[in-house]
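One structure below.
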Amino acid sequence: MKDLFKLLKAQAKTEEFDAIKIALASPDMIRSWSFGEVKKPETINYRTFKPERDGLFCARIFGPVKDYECLCGKYKRLKHRGVICEKCGVEVTQTKVRRERMGHIELASPTAHIWFLKSLPSRIGLLLDMPLRDIERVLYFESYVVVEGGMTYLERNQILTEEQYLDALEEFGDEFDAKMGAEAIHHLLKNMDLEQECEQLREEIVDVSSETKRKKLTKRIKLLESFVHSGNKPEWMILNVLPVLPPDLRPLVPLDGGRFATSDLNDLYRRVINRNNRLKRLLDLSAPDIIVRNEKRMLQEAVDALLDNGRRGRVITSSNKRPLKSLADMIKGKQGRFRQNLLGKRVDYSGRSVITVGPYLRLHQCGLPKKMALELFKPFIYGKLEICGLATTIKAAKKMVEREEAVVWDVLDEVIREHPVMLNRAPTLHRLGIQAFEPVLVEGKAIQLHPLVCAAYNADFDGDQMAVHIPLTLEAQLEARALMMSTNNILSPANGEPIIVPSQDVVLGLYYMTRDRVNSKGEGMILTGPKEAEKIYHAGIAELHARVKVRITEYEKIDDNELVEKKQIIDTTIGRAILWMIVPKGLPFDLVNQVLGKKSISKMLNTCYRILGLKPTVIFADQIMYTGFAYAARSGSSVGIDDMVIPAHKAEIIDDAENEVAEIQEQFQSGLVTAGERYNKVIDIWAAANERVAKAMMDNLSTEVVLNCHGKEELQVSFNNIFMMSDSGARGSAAQIRQLAGMRGLMAKPDGSIIETPITANFREGLNVLQYFISTHGARKGLADTALKTANSGYLTRRLVDVAQDLVVTEEDCGTLSGIVMTPVIEGGDVKESLRERVLGRVTTENILQPGKTDILVKRNTLLNEQWCDILEEHSVDNIKVRSVVTCDADFGVCAYCYGRDLARGHLVNKGEAIGVIAAQSIGEPGTQLTMRTFHIGGAAFRAAAESSIQVKNHGILCLVNAKFVINSANKIVITSRNAELKISDEFGRTKESYKVPYGAIMAKGDGANIISGETIANWDPHTMPVITEVNGFIRFTDMIEGQTIIRQTDELTGLSSIVILDTAERTSSGKDLRPALKIVDANQQDILIPGTDMPAQYFLPGKTIVQLEDGTKITSGDTLARLPQETSGTKDITGGLPRVADLFEARIPKEPAILAEASGIISFGKDTKGKRRLVISSLHSNDSYEEMIPKWRQLNVFEGERVERGDVISDGPESPHDILRLRGVHAVTRYIINEVQDVYRLQGVRINDKHIEVIVRQMLRKATIINAGGSDLLEGEQVEYSRIKIINRQLKSEGRQEITYVRDLLGITKASLATESFISAASFQETTRVLTEASVAGKRDDLRGLKENVIVGRLIPAGTGYAYHQERARYSKHREEALDMQQITAADEASANLAELLNSSLTNHKH
C-alpha cells in the first residue's frame, strides 16, 4: 500500500501538462483556493505600513511581508520555516507566496457574474430561455420571477411586476413562490434538469420548419449539452463566494509625502467589501425590505464593476475622473495581459543604436561598437577573466571591467569570436527583419550594417536605429548561426528570388563598368585575358568602355560537379573583362557580357545560386558589392543642372494643346458638348501632350549621335548621368525625369479627381506660385496616406498571422489525388504570368503526358524544379494539375508534397516549417507599398473606353472555349453563349492571348482559323444587348398591343420607326399581365422548336427593348430581332490596394453582387411582385424548379428559355466569394481569391507566390456546416472544424454507419481566427471577454497545437527546431502512460497479495 500511496503523491506533483482546460469555478472550489476570508476593506496602516488584519493585504491570509519573518517579529530566520506565529497568526515563509495565495469574500447575497449575463449572447438568458431585459429587471430588483408555480396558473420563469405580484399573493397566498434578485435566478438555474430539457428540445427540433426557430433551438441544445458534458453546473454562473486576487498582483506602494500609489483593483474590492459588510449588518438587524433590496442591488453593481467595469451602467471612475481598470480590462486589449506580457516580452542582453554603412564588411559581419559589446558580453567576460586566472572573484572581474583595463579588451575579442549576434529593425514585418551576424568591434557609437542586407530590413542610413540581441545558450547560438545567419537568407521567402540584391551605387558602378562607348581609347585591341585588360586599364592605355576582343576561359558545370574548361575569344569591353575576374567558375560569360542593370544583376545572382549553391553566391555577392562601389567612385557620376535637357519641341507641343483646349471651350460655350465631356476631353488632351513631351525628352536624353573610328555617324546610348542612373535601375524612374526635364503634368486633388489645368513647367525651369500651390495639393495627401497605410497594413498582417499561425508542415505525404489546375495568367493580349513561374517549386498530382501522345513526360509527385520547367516549356505543356495546400488531406497541418518547395531554401519544405506564419508575413509585408486609395473612373488617370472589338497582338490559331454560336446570312459567326472565351495559341498549342466575348458578338473568323497579328476578329455594340434568333422563319408578335405594352417611335434624323416595349410600371392596368414576346413560326404559322430542345422559339422582351422589325418579317438564324439598351455602368469606384486585399481575405460580400444561377436548367419568369421579378430555373432532368426574386432594376443577362449551368452569371456585378464556393466549389473560390489578390499586388509590381495565398484560403475554409449528422452526435446546422468531420467520417465508415454530409464554409480571417479550436489563441486576438466566456461555459480544452498557445504558456513552439522537441514529448508522455498503467497493475496485484497474507496470518493467529 505504501508504494501505491507514493505513486499517487508523485503524480500530483508533476508539472508536465499537455492541455489547458477552462471551466466555471464552483463556490467550494473558490473556497479551496482561498487561504482565508477577507472581512475588512482596510489595506495597510498608514503609520506603520503594516497590513491590517483580515484586510485586503492581511499577512495572516496571504503570507508574510518580509522573507521568513512573521508580522510581529517573534519568529525570524530560516530555522523557523513553516511555523505559524501564535501571536499574529502569520506563517513564516517566503514573501513570494503573496503572489500566489488567494483569499475570498463570502457574499451576503448571491450575485450574477456579469460576463455570463451581459456578454452576448447572454448564457444565463439562453439557458433559462428568457430575454436578457427580463433577467436584468429581476437581478436589479425591478420585478419578480416565479420560481415555483405550484397549483396556480402562474408558470416558472414568468415575470411579475410589483402590482402583479401583490395581486397573485392575495389570490393564491403561499401556493406559489416568486422571488427577485440573483437568489431567484440561482434557484431557477439550480432546479433545471439539463438532460431532460435537452431530450425535449431534440424532439422539438425535428418538427420545426422556420429557419430562425431552428437556429435558436440548435443554440440552446449546444449550450445545454456543453453544460452536461463539461461538468459545469448552471448555478455556478451566480457567485456566492468571490475570489480575491493575491495582494502582490494588485500592489499598494507608498510614495513620498504620505500618499499611496495603488492598483485600481483595490478600490474595486474595497467597494465590494464595504457593501457586503453593510448588507450583512442590515440582514442581522432585519431591516425593511426596500433598504435590503437597495443594498443587494448596490452589491451586485460593485461586483459587476470589479469583474468588468463599464459593461453595464455607468463606468465607475476614480477621484480624478479616470475609469477604474477592472479584472476584464487587465487581460484584454493591446495593453492587456495576453498581448503585452505573454506574447511580447522584454528581453535582457540587448542594446540599440543608430546604423551606418559598413561597405568593407563581409556579408556575415556587422560592426558592433566596443562600448556596446563590453556591456552586452559582460557575464562572458567575467567568466573568461576568472577562467584565465586574471581575476580571482566575480567582484574583482567586475572592477577590472569597470576600469576598462587593457586586458579586458583582449578578453572581449576572444569572447565575441564566432559568437553571433542578432540585429533587428522595427517594424519587423517578415522573418528577414531579424538576422544574425558575426560582430566585428568598431570605434564610435554606431552599429555598422552590410549594405546588401538593407533591402531585407528595408533600412536606410538617414538615422534608422537597430537593436542588437545576444543569443546566450549554446543551442541559441547554434540556431542563430545555422538558420538566421544573413548568409543563409539569400532568397526571399515570399517569392523565392534573391533578396540580397545590390542597389543604388553598386548597380550604378556595375552598369558604368559594363557599358560600351564608341571610339574610346584602346578600341579594337585583342587581349590574352582579363588580367591583361585590368593591367592596361590601370596603366591608362585603354578606357573602361573600349570595345575589345579578349580570350575568355569559361567553365561549364556537368551533373557530377565536374567543371569543363572552354576557351574562346569574345567581343566584349575592358570593364566586362575585369568584372569576369570575380565571377565564380561554372557560370557562362553571357551573364556578364551585357549592360548590367538591376534586373540582370539579380538574375545573375539567382543563376549563381541555382547552379553553384550557397557559398559561392555569398562570396560573389560580396565581390559584386566591393567592385560596384569601387567603379561607381571611379565613374564620378553626379547630377548637374545641365544634365536635365529640356526637349526643343516642348513649347510647340504645349501651344498645340492649348489651342485644342480653347477650341473645346468654344464648343462647350456654344452648347455642342456637355460640361462632363469638356472636362474629360481637356484632360485627355493634356495627358496626350504630357506623353509627347516625355517621349521627346527621353529620345533626346537616351541616345546621342557620335562619330566612330571610321568617321561615320553612329547612334549610341547616352552617358548622361541622370539617364544612366534611371536606366541602370539605381535611382529614379522615367516619371521622375519627366518632372525634372519635361513637364510636371496633371495633378490630382485629395479626393482623387484631376485638376484640369496642368503644370506645364518642370523643376528645372521652376514653378510659379499657382503651380507650386497645385503641387502641394497632391503631396500632402501622399503624406497623410502613408501614415494611414502603415497602421492598416500592420493590422492586416496581424489578422493574417493570427488566422494562419497554427499551420505547420506535419507530414511528408498525405497521399491525396486531388490538386488544382494551373494555367498561365493571361489578360487580353499579355501573358501576365507564365505557367513556368506559377508551377516552379510545386509537386505534380498526376502524370503529365506529352501533348498529343501517351508518353509520360513527368511522373506524379515530382517536385518541378528549373530543369523540369525547361522540359515542360520545350514540350509546350499548357496546363498542369499540381498539389496544393487547399486540397491537402492532412488532418492537422499540411504535408510537404502539397506545399512543395521551401522558397527561401530552394528544396522541398522540411517538416515543422511554420508555413502559416511565413505566408502571412509574405502577404502582409508588402502591404505598406500598396495604395490606400479607391480609384475614381474619370479623368486621365483611369479611363477605359467601352470595348467594342477584339484586336489580336500575335500570330496564331483561334480557339473558342464554351462558345455556342449560329451562322448568320452574311456567313459570319454570331456568338449566342454568355461566357464564351476566345484564345489565341501558337503553333505549339500554348495560349498567348485570351479574351471574353460577349453575347451577340460577330466573329470574323471561326474556330481553328489562322490569325495574323493586328487583325480585328470580333466586334459588337457595347451600348445595347441584342436578342438573336437561332432559327429561320417568320416573326409573329404576341401580346404586343399598341398603347398597352408597346409604343411606336420615329427617329427625327433618319425617319425610321421602331417599336419600344413599355416597362411594367408604365403600362395601363390592362397591360400589366401581358407578356410581349416575339415568336418564330414557319410559313404555316406553326411553332418552330429551338434546336436540341422541345421549347418553341419565342423570345420574351423585357421593358425598354427596341424592335425594328414588323410582324411577319422573314428572318434567318443569327439575325438580331431586338435590342436592349444597356445603361453603361456609372462611374463605379474600383477599390484598389490594401482595402481590396482586406476585403478579399475578410470574405466580405460586395455591394450589389453578381447574381449566379443556383441550379442548372431552363430560365423562365414567373409572376412579378411590385419591385421584384420572379426568376424560375426548371431542371432538365427532374421536375424540380428553383425560384428566386430579383430586383427589377438589376439588368439580367439571360432571356426566357435560355439554358444555364449552375454557377453561371445571371446578372453582372462583383462576384461574392461565398456564392462561388456554394455553386462552383472549393477550387473555383481558391482560384478567384488568388487571382484577385494577385491582381492588386501585380499592379504595384510586387511578386508573391500563389502558395502563400492558398495557405490563407485553406485557413478560411477550416469550418463546415453540417447538413445531415448521419451516425454522429453532432447537430444539423452546427459549424464544425472540417478536419474533425473528416476524422469522424472515417470512424463512421469503418463502423459501417451513415456518414455526415456537410457543406464547406468560407470565413473571413477575423472570424476564422475567433472560431479557431484553441480558445487561448482566440482570446489573445480579439474580443477576449466573449471568447473566454464561451470557452468556460463549454469547459473547453486547449490542446496547445498552434504556435501562439505555446508561446503564451511559455513553451517552445511546435515548429522549426521546437517541432522535434514536441514530437519527442508526445512520444515520452505516451511511453510514460504505458509504464504507469503497468506499474499500477503490478502495485495493485502486490497490495491484494499483501492483504490476503495479512488476513491469513490474522486468521491463523486467532486459531492459536
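Heads up, the Cβ atoms here are built off N, Cα and C, so glycines get one too.
Together with Cys814, Cys895, Cys898, the Zn(2+) 2 site in Swiss-Prot holds one more listed residue from Cys869, Cys888, which is Cys888. Those residues of the chain, other than Asp460, Asp462, Asp464, with a C-beta within 8 angstroms of the mean position of the Mg(2+) site C-beta atoms are Ile355, Ala459, Phe461, Gly463. Using Cα positions, the member of the binding-site residues Cys70, Cys85, Cys88, Asp460, Asp462 nearest to Cys898 (Zn(2+) 2 binding site) is identified as Asp460. For Cys85 (Zn(2+) 1 binding site), the nearest neighbour among the listed binding-site residues (Asp462, Asp464, Cys814, Cys888, Cys895), judged by C-alpha distance, is Asp464. What surrounds the Zn(2+) 1 site, by Cβ distance within 8 Å of the Cβ centroid and not counting Cys70, Cys72, Cys85, Cys88, is the set Ala59, Leu71, Gly73, Lys74, Tyr75, Glu86, Lys87, Gly89, Val90 from the same chain. Counting only the Cα atoms, the space from Cys814 (Zn(2+) 2 binding site) to Asp460 (Mg(2+) binding site) is about 45 angstrom.
A Cα-Cα distance of 65 Å separates Asp460 (Mg(2+) binding site) from Cys88 (Zn(2+) 1 binding site).
Ranking the binding-site residues Asp460, Asp462, Asp464 by how many other Cβ atoms lie within 10 angstroms of each Cβ puts Asp462 at the bottom. You'll find the Cα of Cys72 (Zn(2+) 1 binding site) roughly 57 Å from the Cα of Asp464 (Mg(2+) binding site).
Comparing the Cα of Cys70 (Zn(2+) 1 binding site) with the Cα of every entry in Asp462, Asp464, Cys888, Cys895, these being the binding-site residues, the smallest distance points to Asp464. According to its DSSP assignment, Cys898 (Zn(2+) 2 binding site) is helical. When each of the binding-site residues Cys70, Cys88, Cys895 is scored by how many other Cβ atoms sit within 10 Å of its Cβ, Cys88 comes out lowest. Looking only at the binding-site residues Asp462, Asp464, Cys888, Cys895, the one with its C-alpha closest to Cys88 (Zn(2+) 1 binding site) is Asp464.
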